[in-house]
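The structure appears right after this line, and notes come after that.
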Amino acid sequence: MKTIIKNLKGMLAHSLIYRISIIYLLLLIFICVLAPFIPIDPNQTDVSQLSQLPSFKHFFGTDEVGRDYFIRVIYGGRISLTVGILAMLTATTIGSLVGLISGYFGGKIDQILMRIVDVLSSIPWLVLVIVLSVFLKPGFGTIILVIGGFSWMSIARLIRAETLSVKSRDYVLYAQFLNRPFIYIIQKHILPAILPTLIVASSLSISGAIMTESALSFLGIGIQQPLASWGSLLQNAQTSLQKAPHMAILPGIFIICTIYSLNNLGEMLKNYLQRKNEFMN
């Protein structure tokens with residue numbers, strides 16, 4: 001563990017972009033966690049402060065009904081990050097199970113599962129998500145299940161490939177020779193070997209989930225009022241672009257910076273694993 005931390009510190013020391021991305025994500029998470037302790041009600045309206053531009057009184061200005069936009073953006077970040085993380089956990093769980101079972105057992109099980117993955121992957125999944133969102137009741141839980149339930153296919157393929165590679169190693173073959181239960185082999189031998197790859201895939205899937213949630217909320221079929229996500233803030237800002245452009249610019253900046261930082265985090269972890277594998281080989 002100490003070696004891992006030391007190597008990651010070395011990568012951070014040689015990359016300004018990685019450092020900025022990590023600092024940004026830590027600050028964002030810190031502010032979002034502390035949002036309930038900020039003495040500003042995100043739903044409190046003030047008719048005397050309609051569509052105000054950023055100022056010392058309101059750092060991010062106000063929206064069309066006089067709500068403080070700073071706290072709205074922060075609470076929007078809480079929703080967007082929560083959706084991203086929970087959707088990632090859903091997709092990672094499904095994708096890992098399918099990939100492990102497909103890669104370990106092979107044969108007809110592998111063929112059936114991979115055909116299912118191929119069929120689902122052939123459908124533009126954003127379109128599929130939009131169609132399902134229309135038929136399902138819009139809400140926080142629905143958007144998590146819909147995004148997570150249809151973004152696991154790439155993870156399944158990745159985990160299957162890793163499982164096929166690990167399954168051929170001597171210690172796994174020896175465990176199979178001893179008739180160890182497949183659950184034991186997966187838990188003790190295969191899962192620890194593929195865990196680093198799974199972590200990288202998970203970090204990258206968070207940014208995809210945030211982007212999808214933002215798109216759905218922007219289209220009006222995602223997070224619904226009175227809750228606010230960055231996507232719903234963008235959707236709500238359409239009617240006020242001329243007199244209050246900050247209402248679209250600020251959440252847009254946060255979406256771009258967050259996705260960019262998460263992708264940098266995934267790239268950093270990927271580079272670390274590649275260097276580790278090259279060293280071991």
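Cβ atoms are placed via backbone N, Cα and C, with glycine included.
The domain 'ABC transmembrane type-1' annotation in TrEMBL covers 77-266.
For 16-38 (among others), the entry in TrEMBL reads transmembrane segment.
Annotation source TrEMBL lists transmembrane segment at 79-105 (among others).
The transmembrane segment annotation in TrEMBL covers 112-134 (among others).
The transmembrane segment annotation in TrEMBL covers 140-159 (among others). Long-range contacts of the transmembrane segment (140-159) within the same chain, counting only residues at least 6 positions beyond its ends with a Cβ under 8 Å from a Cβ of the stretch, are 79, 83, 86-96, 98-100, 102-103, 113-114, 117, 120-121, 125, 128-129, 132-133, 194, 197-198, 201-202, 205, 208-209, 212-213, 216-217, 222-223, 227.
The transmembrane segment annotation in TrEMBL covers 190-210 (among others). Long-range neighbours of the transmembrane segment (190-210) within the same chain, counting only residues 6 or more positions beyond its ends whose Cβ lies under 8 Å from a Cβ of the stretch, are 80-81, 83-85, 87-88, 91-92, 95-96, 100, 104, 147-148, 151, 154-155, 158-159, 162-163, 166-167, 169, 172, 230, 255, 258-259, 262-263, 265-266, 269-270, 273, 276.
What TrEMBL lists as transmembrane segment is 248-266 (among others).
Beyond the ends of the transmembrane segment (16-38), by six or more residues, the same chain brings 71, 74-75, 77-78, 81, 254, 257-258, 260-262, 264-265, 268 to within a C-beta distance below 8 angstroms of the stretch.
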